[in-house]
Amino acid sequence: MNEKSLRVLEYNKIIDLLKKKASSSLGLKYIENLVPNTDFVEVKSMLEETSEAQSIIIKRGSVGLEGIHDIEDKVKRAYIGASLDPGSLIMIADTLRVARRLRNSLSSSDEEDFNYPIIQSLSNSLYVYKDIEDQIYNAIISEVEISDNASSILRDIRRRIAQKNQSIRSKLNSIISSTTYQKYLQDAIISLRGDRFVVPVKSEYRSQVAGIVHDQSSSGATLFIEPMTIVEMNNELRQLKLGEQEEIERILSELSAMVGEVSEDLISNQEILGRLDFAFSKGKLSIQMRGIEPTLNEDKYLNIKNGRHPLLDKKKVVANTIYLGRDFHTLVITGPNTGGKTVTIKTVGLFALMTQSGLHIPADYGSSMCVYDNVFADIGDEQSIEQSLSTFSSHMTNIVSILQNVTADSLVIFDELGAGTDPVEGAALAIAVLEDINSVGAKCIATTHYSELKNYALTKSGVENAAVEFDIETLSPTYKLLIGVPGKSNAFEISRKLGLSDYVISRAKEYINTENIALEDVLQNVEKNRIKAVEDREEAERLKEEIEKLKVEYDEKLEKLVSQRDKMIEKAKSEAFSIIRQAKEEVDIIIKELRSLEQERASKEKNRKIEELRKELTSSMGSLQPTVKSMIVPKVSNKEIKDLKPGEEVKVITLNQNGSVVSVDKKRKEAVVQIGIMKMTLPFKSLQKTRKDVSTNVTKSTRNIIRSKSGSVKNEVDLRGLNLEEAIMEVEKYLDDAYVAGLESVTVIHGIGTGVLKAGLQDILRRNRHVKSQRGGQYGEGGAGVTIVKLK
């Protein structure tokens, strides 16, 4: 990749931002070596790696990379047999712990959507040596301290050292506290010189205290003497400390040997940990920049949606949409100074470099980038004092180099192409340069002040105009890029706003070529029409948003109403079902009493009693009818009934039950329907004709009803295919009929299925007043798919 382009596009500043996200020197090595890649497959993989890291950070927060150290040199020393110091071993243990935890947390997860093949492939490659990790932590407390737990020998030596120290101190305390020695001592204290215990003796009493002089004070007034009585004890202490040091060296050597045995795996871990740190650094930077993974295309076009320059303040930067490479290969941008032209072209160039480095770009989802073989940029004033080159010469030297190396797969960026020389010649050179680049097929973005380039873009195929917007009212740029609109000079308008007289402005216009004036007028009209179109589009979008909002509110209210309706229907059905069951229980009692009375001899008193019970039954059914009717939410039949006759069989849609028509009111379009022994007045629209008609004489006595039932009621009922609620309604109606018909035993067919229907029905049968007993079907009766019921 062109080094000059990397510099002028400030690629190094992106690298500096990335470095701040690294957790270790291993990750920094990868970042420092990062350069844009030109291989499509590799770039795609690099971008996916960044996306995986970004997603994991968002889900998990901290990844746990803290504690990684660069241990390669230490591991290599252990491999050749060197003994490592405690600090080095602690660093190795820390790095092993990070590797183990990363492998455990990234390789497997209980989260269903935790699927990150690139990151997980890296973490799965990490070697785990928890035994080495544990032994190092068990043996070493810090960089300067070995634990007593390192070995039983070390623990014993240190115990003996402590005892010997105590013995020496006790002996010295007895010396310094004795009246004999007190006058010889400078202070009643015990000191150490080297690793020998001494007492401070006044120099004039040197001959009075037998011992070895180890030191003296700066004034010479005090001598530090090791009394002869403890010399042997100090020697023993010295021997113990030498033994301690030997044991420590043995322990460190043993731990170092363990590290050396797995040195290749640990060095492999270093590479993987560095790669993971690098990947998560990219993920962190993406989150900071609110970056996205651009779609990568092989057609050499870019489409940046609301791209934001990554080095500018996120709160102030203006997002711009930029596209290049499909309908046109060259984009010519015009507009005022400080209007954002340079920032715009730098954004495009930097996005290309970032994408090819596997970094996310701060833009909206749906942005698309491609892989260029090179990115060339000529931006800024880089005149060379050493080479005595002018601004124009400096730019032209760079442009010559670009033209010599550009290919069809390159991206070229020019800032103020042709500037720094005579405007006429500069414009001509600029057009010629763009022609040459366009003929090669490279993609190019150029900024300019020359109106000749605007005319060139208007007439040349494959070249498009663009402008940075300028607000005449505020005399300030808006930094918005408008592709397809050539930039307009605002010198006259700005001058008028600043107070320049119309006379001077008119005189100035006389010195301009009439063609240029006409072009400026056209551009002014285009700009007015564009602003009007933008306003109309914004108004249309506002209205669309309001309509969408109203639609959402309507859908929410409709959903709420439907939910309320369904709840009301379910509640009504439940209450109706409860009322019907209660009524049936009352009817059962009355029928039972009627049958009991009919078995006795008739008498006036008994006949009167029967008549009262029949009236009570009629009253009960009559009071029940409007209650149930009012609670049932009407359902309309698919086929409207125009005419009904008494005796016809109909289906009551609201109850999902069949009944017989007793009487008909054609004017009100209502019919009295008998369902079992219950009568209800229902509208035609809630009824549906069935194929089978039955004749029912509603004036028959209870005895005749019982006799007619006995001939028509079957000794079995098939409930298969019904849900539990429907089955309960059906079986209770059937048991009423069977009981009235005088059947002694019936078969309830429910099937095997999941067992829910069978269990629910058997529970209802246990509580039914007509049921004497029940049992499961036997072989030949239907087996587990039926229940045999004995009636009272």
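A Cβ is built for glycine as well, from the same backbone N, Cα and C atoms used for every other residue.
Quick look at what Swiss-Prot annotates:
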BINDING   GLY335, PRO336, ASN337, THR338, GLY339, GLY340, LYS341, THR342  ATP binding site
DOMAIN    717-792  domain 'Smr'
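Within the domain 'Smr' (717-792), the DSSP-based counts of helix, strand and coil residues read 33 helix, 19 strand, 24 coil. GLY335 (ATP binding site) falls within neither a helix nor a strand when secondary structure is assigned with DSSP, and so counts as coil. Taking Cβ-Cβ distances under 8 Å and a sequence separation of 6 or more, the neighbours of GLY340 (ATP binding site) in its chain are VAL318, ASN320, VAL468, PRO477, TYR479, LYS480, LEU481.
Predicted-model confidence for the domain 'Smr' (717-792) is 85, expressed as mean pLDDT. Its Cβ placed at the centre, LYS341 (ATP binding site) has 27 other Cβ atoms within 10 Å. Ranking the binding-site residues GLY335, THR342 by other CB atoms within 10 A of the CB puts THR342 at the bottom.
A helical conformation is recorded for THR342 (ATP binding site) in the three-state DSSP classification.
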